[in-house]
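**Q** Here it is, the structure in full.
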Amino acid sequence: MASLDDPGEVREGFLCPLCLKDLQSFYQLQSHYEEEHLEDRDVKGQIKNLVQKARKAKNKLLKREGDDRVEPGTQGYESFSYGGVDPYMWEPQELGAMRSHLSDFKKHRAARIDHYVVEVNKLIIRLEKLTAFDRTNTETSKIRAIEKSVVPWVNDQDVPFCPDCGNKFSIRNRRHHCRLCGSIMCKKCMELIGLPLAHKLTSASKDSLSTHTSPSQSPNSVHGSRRGSISSMSSVSSVLDEKDDDRIRCCTHCKDKLLKREQQMDEKEHTPDIVKLYEKLRLCMEKVDQKAPEYIRMAASLNAGETTYNLEHANDLRVEVQKVYELIDALSKKILTLGLNQDPSPHPNTLRLQRMIRYSATLFVQEKLLGLMSLPTKEQFEELKKKRKQDLEQKRTVERQAALESRRKLEERQSGLASHTANGDVRSLRGIPPPLRKAEGWLPLSEGQGQSEDPDPLLQQIYNITSFIRQAKAAGRTDEVRTLQENLRQLQDEYDQQQTEKAIELSRKQAEEEELQREQLQMLRKRELEREQEQFLAASLQTRTRVLELREVIPFQLEASRGPHIDLSYSLDQDSSPVQSSTAPDILTPGSALAPMHLWSGPPALGQETLPQSTMSQQSDKASLNPFDEDDLSSPTEGAISPAAVEAFLGPPAAVTKEYNPFEEDAEEEEVAELGAGNPFTDPDSPAPNPFDEDDGPRPASPAAPGNPFEECPSTNPFEVDSDSGMEAEEHIEEELLLQQIDNIKAYIFDAKQCGRMDEVEVLTENLRELKCTLAKQKGAPN
């Protein structure tokens with residue numbers, strides 16, 4: 001790890017990742033980190049990140065290089081051999097500058113292997129050409145010509161010295177050419193290849209070696225004969241004329257390559273002695289695995305007194321198995337002592353392998369030999385057969401007695417059925433347990449005759465077996481109790497499984513029903529939401545249309561306001577919201593007619609519809625007095641605003657009492673200024689006459705249409721009621737109507753803001769402010 005102070009310094013060892021202190025071992029580093037840097041919790045995350053990065057880099061490096069990147073020594077193994085310590089918990093050493101030579105190594109290795117293989121193949125091919133003809137019966141000149149045709153020889157003048165030993169060539173030190181590569185060497189460096197070795201290398205099997213080998217052609221015999229001939233010769237010419245027709249001259253390098261090839265062939269075809277012995281050992285073990293189970297079955301049957309197997313055959317099989325065990329022991333001992341007396345002692349790994357084979361064979365013999373059962377003698381086998389025969393007879397007797405006892409109990413039960421009473425109760429058999437006898441069967445009594453059967457057959461079976469268990473316990477039949485308890489457990493498990501499946505099926509059906517209901521509810525909500533949106537859009541459009549129409553009609557109908565004042569209840573019926581009409585049927589009272597803002601109720605709320613005129617006409621007492629049935633222009637029609645409504649929106653006449661007029665502020669002054677001399681109420685000093693009080697003089701407006709209910713006698717005029725009683729009724733209803741009107745106008749303001757109609761927002765805001773002022777004044781006025 002590089003130090004922070006000196007970037008060029010490289011430090012190695014067990015360094016602390018925080019203080020860079022060099023510790024001597026892994027455990028010292030761990031203890032130092034736990035003691036000194038225990039409080040540095042923030043560094044833990046950084047260390048984990050570094051460890052993860054190093055691990056990724058290591059995995060990438062190992063993935064790229066594979067198994068070829070192996071560090072020498074056993075330090076890597078020892079660092080992982082400590083149990084309970086994870087080296088990845090600590091920060092590893094930083095990977096220094098490195099360079100992979102794997103590609104170069106593979107390239108050089110492939111070239112070297114190719115060179116070796118190609119060269120060896122060339123030598124074998126040339127050797128095969130040199131041995132393809134009969135060298136003993138061919139002339140020397142022809143042999144020399146054939147050898148030169150196989151490989152070109154190097155020129156003698158080009159090589160003055162021997163390439164191997166460096167001696168100078170002369171008359172005594174002649175030049176010799178290698179018949180396989182064509183190079184030149186001296187006689188000392190020359191090698192000879194015998195024909196047997198040549199045929200062995202060129203042939204596909206060793207049979208060629210025995211075919212071409214003879215005592216006269218062996219290398220030792222030939223060499224010895226040549227040596228004798230050389231010793232017998234005294235002249236130099238005889239040495240120069242020496243013929244080696246039965247052998248092939250070659251250099252040391254070619255001879256070494258051919259010898260390595262021969263060694264590879266021998267190793268490939270040779271089987272070591274330990275392998276042969278181990279194969280025999282495995283065959284013996286497999287034979288024991290086949291014979292031992294068969295012998296165990298035979299011994300168990302014979303010891304039980306059965307006559308299925310023959311005693312003599314079992315004895316023969318036992319002897320055979322024992323002999324195989326002895327052979328296994330002998331082979332394992334031979335493997336253990338193999339090669340111990342040889343001069344070059346075997347490799348320690350070979351000796352260890354031999355010891356483990358011996359140990360494995362010993363364990364095998366002990367395990368199998370201890371499992372062998374002894375066979376009875378002939379006398380013992382006869383006694384066992386007699387004893388088994390007696391047991392079988394006794395068993396048959398017991399079974400016959402059990403059958404007779406069960407038949408007797410069945411007859412008793414059938415006879416006991418006749419003693420039943422009228423209501424079906426059993427008196428003779430109930431409550432009296434059967435006597436317990438030795439060597440007899442037992443049969444439980446059914447207790448479900450006087451009880452209603454359960455619709456579920458499993459429950460009925462459980463009840464019956466429970467009753468049988470009680471009877472078996474009372475009778476002391478432990479075997480039957482265990483059997484019945486096992487049957488009861490199985491029935492209970494089956495019943496529990498059945499109930500679980502039913503519960504799962506029921507829950508699944510309920511879930512499907514809930515899902516269907518949820519989908520239907522969502523569909524209904526979606527439809528309701530769409531309907532509300534449509535109504536909201538329609539109401540918004542109607543509100544905007546009415547406000548715009550009102551703003552356009554008000555200037556043109558100001559003059560018409562001086563005409564006859566139609567009863568305010570008409571405009572109330574025309575512009576009142578359906579909430580007021582539906583919730584208060586008696587809202588058309590004299591007190592409600594004087595409501596100041598009832599004339600401007602705005603459009604209907606969301607999800608509501610305006611009542612048609614036919615519905616409003618049905619609420620009147622007399623159908624003949626319905627003003628909506630006539631075509632008089634003075635009567636207001638649907639979608640038009642009456643003069644009384646305009647007058648009520650702009651401000652009531654001056655004759656109305658001041659404390660009950662919510663629009664007597666600036667709106668009245670603006671109206672007086674606009675009307676001028678044509679307005680009968682232009683005189684501010686004179687008291688404003690009340691248009692609702694009857695006057696003896698003629699009215700300035702045109703007479704009302706015949707049949708108008710607003711021109712009836714004073715006794716039926718709702719505006720001529722007693723002032724005290726009218727104020728009391730008006731005060732309670734006005735407050736409720738004003739609050740409802742305030743809520744409606746707030747909703748209209750919200751809708752106008754959402755739609756971006758700021759002109760309507762200003763108008764509605766002014767109306768809302770006036771309504772609030774009126775409500776405050778009415779609450780503060782004395783009763």
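Note: Cβ is positioned from N, Cα and C throughout, glycine not excepted.
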**Q** Quickly, which of SER229, SER576, SER581, SER614 does Swiss-Prot have down as phosphoserine? Just give the residue.
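**A** Of SER229, SER576, SER581, SER614, Swiss-Prot lists SER229 as: phosphoserine.
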**Q** So which of SER214, SER577 shows up as phosphoserine in Swiss-Prot?
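**A** Swiss-Prot annotates phosphoserine at SER214; the rest carry no such entry.
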**Q** Summarise the zinc finger (14-37) as counts of helix, strand and coil residues per DSSP.
**A** 11 helix, 4 strand, 9 coil
**Q** Between CYS251 (Zn(2+) 2 binding site) and CYS189 (Zn(2+) 1 binding site), how far is it from one CA atom to the other, in Å?
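**A** Their Cα atoms are separated by 7 Å.
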**Q** Determine which residues of this chain, when CYS162, CYS165, CYS186, CYS189 are set aside, have a Cβ within 8 Å of the centroid of the Zn(2+) 1 site's Cβ atoms, and list them as they appear in the sequence.
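**A** Going along the sequence, the neighbours appear as PRO163, ASP164, GLY166, ASN167, ASN173, MET185, LYS187, LYS188, MET190.
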**Q** Hey, for the Zn(2+) 2 site built from CYS178, CYS181, CYS251, CYS254, who else sits with CB inside 8 A of the CB center?
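**A** Filtered neighbour residues, in order: ARG179, LEU180, GLY182, SER183, MET185, CYS250, THR252, HIS253, LYS255.
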**Q** Taking only same-chain residues 6+ apart in sequence, whose CB is under 8 Å from that of CYS162 (Zn(2+) 1 binding site), what do you get?
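**A** The list for CYS162 (Zn(2+) 1 binding site) reads LYS168, PHE169, ASN173, ILE184, MET185, CYS186, LYS188, CYS189, given in order along the sequence.
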**Q** According to DSSP, does CYS178 (Zn(2+) 2 binding site) fall in a helix, a strand, or coil?
**A** coil
**Q** Please report how many Å separate the Cα atom of CYS165 (Zn(2+) 1 binding site) from that of CYS181 (Zn(2+) 2 binding site), as a whole number.
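**A** Rounded to a whole number, the Cα-Cα distance is 18 Å.
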